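Trainee: According to TrEMBL, the protein has these features:
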REPEAT    10-48  repeat 'HEAT'
REPEAT    164-202  repeat 'HEAT'
REPEAT    203-241  repeat 'HEAT'
REPEAT    242-280  repeat 'HEAT'
REPEAT    281-319  repeat 'HEAT'
REPEAT    320-358  repeat 'HEAT'
REPEAT    359-397  repeat 'HEAT'
REPEAT    398-436  repeat 'HEAT'
REPEAT    476-514  repeat 'HEAT'
REPEAT    515-553  repeat 'HEAT'
Amino acid sequence: MAMVDTPLYPIAVLIDELKNEDIQLRLNSIRRLSTIARALGEERTRKELIPFLVENNDDDDEVLLAMAEELGVFVPYIGGVEHANVLLQPLETLCTVEETVVRDKSVESLCRIGAQMREQDLVEYFIPLVKRLAAGEWFTARVSACGLFHIAYPTASEVIKTELRTVYGQLCQDDMPMVRRSAATNLGKFAATVEAAHLKTDIMSVFEELTQDDQDSVRLLAVEGCAALGKLLEPQDCVAHILPVIVNFSQDKSWRVRYMVANQLYELCEAVGPDPTRSELVPAYVRLLRDNEAEVRIAAAGKVTKFSHILNPELAIQHILPCVKELSTDSSQHVRSALASVIMGMAPVLGKDATIEQLLPIFLSLLKDEFPDVRLNIISKLDQVNQVIGIDLLSQSLLPAIVELAEDRHWRVRLAIIEYVPLLASQLGVGFFDDKLGALCMQWLKDKVYSIRDAAANNVKRLAEEFGPDWAMQHIIPQVLDMINDPHYLYRMTILHAISLLAPVLGSEITSSKLLPLVINASKDRVPNIKFNVAKVLQSLIPIVDASVVENTIRPCLVELGEDADVDVRFYASQALQSCDLLKMSS
């Protein structure tokens, strides 16, 4: 009897847990559906488990969301694609619930299942489901239906296709704005499956209605449709149907719609082609750059470089550059910040002369902006300008501003400068670098902020790699020798970190003769944090120096640290000694 009852046990547990008051138990049970389905077998899953889920009217959104997600990957557990239609009923119910997240996940799962279904099953089960949802009394069903048309349409007969296009058109004119929003969002996906002849007639008429909707939330979603439809239409149709819509939207009374146009304009330009862009869209873009809403200007400013790439340099200088000058002194710091993050990319478009004459003054004003994010955004893209104007001019015009920013009161700005220094060093060359920036690099090792000191140590290593060990011996090692005796223990720790980074670059000889004695001396420090960092540094030096140096110099020091009163010092010393032993065994 027990043998007969065994397969019933998992479904019994599931039913008990699904009816349990504890939501966590119900959730766990739903997430174990695949395990239970495997235990039951394909036939019983179809005949018992799925009907049970259809009847189970749990009202907790978390449980319903988990169910919608599980059912999307359930095809293998019910016997493959020939039985996929069994899963449609529970998901259809979930498509009508009030919680948006659950509906979205149900639509996603239905699309996944629909993409696997056989053609005759799509016609027999999936298309009727789409029609039922589209005719649903409650708006939630109609919202969900909009996301399923692109799966149902390709396999339908001509008569059904005509019906589906008509139904979609009705959803685009629905009384509920939420349904129209969903129709606008999914229009691009649906349009991609519609034949070219119907695209120009049915879909474009629906699209034009959405662009004139009285709800700005619908119109702004129609903006996204512009880019999607533009890619499907022939260039001449695109200019005839899409271009006037974009130009109107760029002057829409709702700033949200204008913001959306500013965000999407580059993609829209790609859809309509270069000539209409120059004649029609440049004036629209200029309007957006001068919009009275800061959010619109932010979105437009962020696309300055991309837009300039489409135009020739003359048009960019004539139309875009005057707006860029205005934006660089905009009252909103966020507009200036958005501009600063992309303006460097204009240099290659405008060429050397225009960059020097027109852009450099704007760079310099943004480098001195009172808002740290603006300064940061300019610094992080300086390399794009170097390539255009050359290093001589950069050193004359931008370097004084960079040196000033190296002592900026905001540590993130100082950090950005440090990260930029190795690139600058490689372009300036060793002579110029020593003259202007060498002292700064050592000064950062004593910064009050740990992130700056850490970055400065990495910076010293990257400079040693760039200029070579001889330069490091002359310019870095003497200063490191001085700083290891700094009265502040945090700065002494930074130097130890710098030594561990420099050693692999400088090689065995310099490490043994110059750096190792500093570390051994530091092991006598009175601060335990320094001593256990000494143990860590010594461990990192073991593979670099000769075995004789390890045995004669490093091991005695570690043995001494291994008897320290502090538990952390003893721990790190023992770890380093293990590394010594491993090296001895391997040699």
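Cβ atoms here come from the backbone N, Cα and C positions, even for glycine.
Because TrEMBL annotations are produced automatically, they should be read as predictions rather than curated entries.
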Trainee: I need to check the long-range neighbours of the repeat 'HEAT' (320-358): which residues 6 or more away from its ends have a CB within less than 8 Å of a CB in the stretch?
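Mentor: Long-range Cβ neighbours of the repeat 'HEAT' (320-358): 282, 285-286, 289-290, 294, 297-299, 301-309, 311, 313, 365-366, 369-371, 373-378, 380-382, 384-385, 387-390, 393.
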Trainee: How does the model score the repeat 'HEAT' (515-553) in terms of mean pLDDT?
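Mentor: Result for the repeat 'HEAT' (515-553): average pLDDT 85.
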Trainee: In the same chain, which residue numbers or ranges, 6 or more beyond the ends of the repeat 'HEAT' (515-553), come under 8 angstroms Cβ to Cβ?
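Mentor: Same-chain residues near the repeat 'HEAT' (515-553) but 6 or more away: 477, 480-481, 484, 489, 492-493, 495-497, 499-500, 502-504, 506-508, 560-561, 564, 566, 568-569, 571-573, 575-576, 579-580, 583-584, 587.
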Trainee: Go ahead and report the DSSP secondary structure tallies for the repeat 'HEAT' (203-241): helix first, then strand, then coil.
Mentor: 33 helix, 0 strand, 6 coil
